[in-house]
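Okay, structure first, notes after.
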Amino acid sequence: MTPRRKHPLVPGFINPPPFGTFLRRNWFDITTILLCVLTAWLLYKFCPPLMPRYFPLFENVQQTSWGIRHSQPFRSEYVTTIMSAAIAFVIPALIMGLIALWGTRGFGDANAALVGLGYALATSTLLIVLLKIFIGGLRPHFLTVCNPVMPPPVPGIGAYKQYYTASQVCLGPVKEIQMSFPSGHASAAFAGFGFLALYLNAKFKIISNGGRFRETYGSREPGPMTSRVHHWKSLLFALPWLVALLLSLSKIRDGWHHPIDILFGALIGTLFAHLAYRMCYRSVYDWKENHIPLEGDGGE
């Protein structure tokens, strides 16, 4: 039976599957995504840093190059963790959902896009939390929040006995100020908006050789189209990356992260955006196939 076409102004999918079929194909992926997010939240909330960082502490340490980098005033976040997670998921999901409802009208495409977005965000978030717990780093406002006891109540280690851990000398809360590396905000931003950029590239054929065919000049045989891509498409592709960059760099402006934290978080998010897209679509950059979703039953 041929599916009935909808009016162009009326949103909807052509021939969507029954709800039971949707659940049968997606319940396992949805469950693992939610478990991944829940595990990351529980670890971040309740697990202390497993490898505390040693740092120098002596009179006027704030005036050294290390002290200047780690004694910024404590400021409220411009973008909180909850806001970052919501923005990184809701905005890309909304845009891809609208394109699927009014553009492709394919339920499989919308399903692949949302599941892939979940893959990217959930997996990168769990990895970031594990790195924060096992590796971590001291935030730019570390000394301000730490408020170390002077002189230190215990002997330090090192050549001049000047290296301590936060639990030895800090009067303030010590957990959060030791989890600077890598940036979860940057990872979420680049995972979510990076996935959106790849989706837009596939749908609008931004990185391609034209995506259509016409006659080659001087020949009657069809050949690949050589006309350039319109400039507005480059802006469309760049905009999600710009949003991700702004969200990430806000953490330097509010003094919660060092540049290296942002860089590694962005790399992790970008990596999982590409990985998740390839897991849900036939290709990432091949214009002939990168718009075609894979089946939702594990690819069997």
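Glycine too: its Cβ is placed from the backbone N, Cα and C atoms.
In TrEMBL, annotation is done automatically, which means it is predicted and not curated.
According to TrEMBL, the protein has these features:
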DOMAIN    112-277  domain 'Phosphatidic acid phosphatase type 2/haloperoxidase'
TRANSMEM  27-44  transmembrane segment
TRANSMEM  78-102  transmembrane segment
TRANSMEM  114-135  transmembrane segment
TRANSMEM  184-202  transmembrane segment
TRANSMEM  235-252  transmembrane segment
TRANSMEM  258-277  transmembrane segment
Given a Cβ distance threshold of under 8 angstroms, which distant residues of the chain, six or more beyond its ends, lie next to the transmembrane segment (78-102)?
8, 11-13, 109-110, 113-114, 117-118, 121, 125, 184-185, 188-189, 191-193, 195-196, 199, 203, 240, 243, 247, 250-251, 253-254
Kindly state the mean pLDDT of the domain 'Phosphatidic acid phosphatase type 2/haloperoxidase' (112-277) in the predicted structure.
91
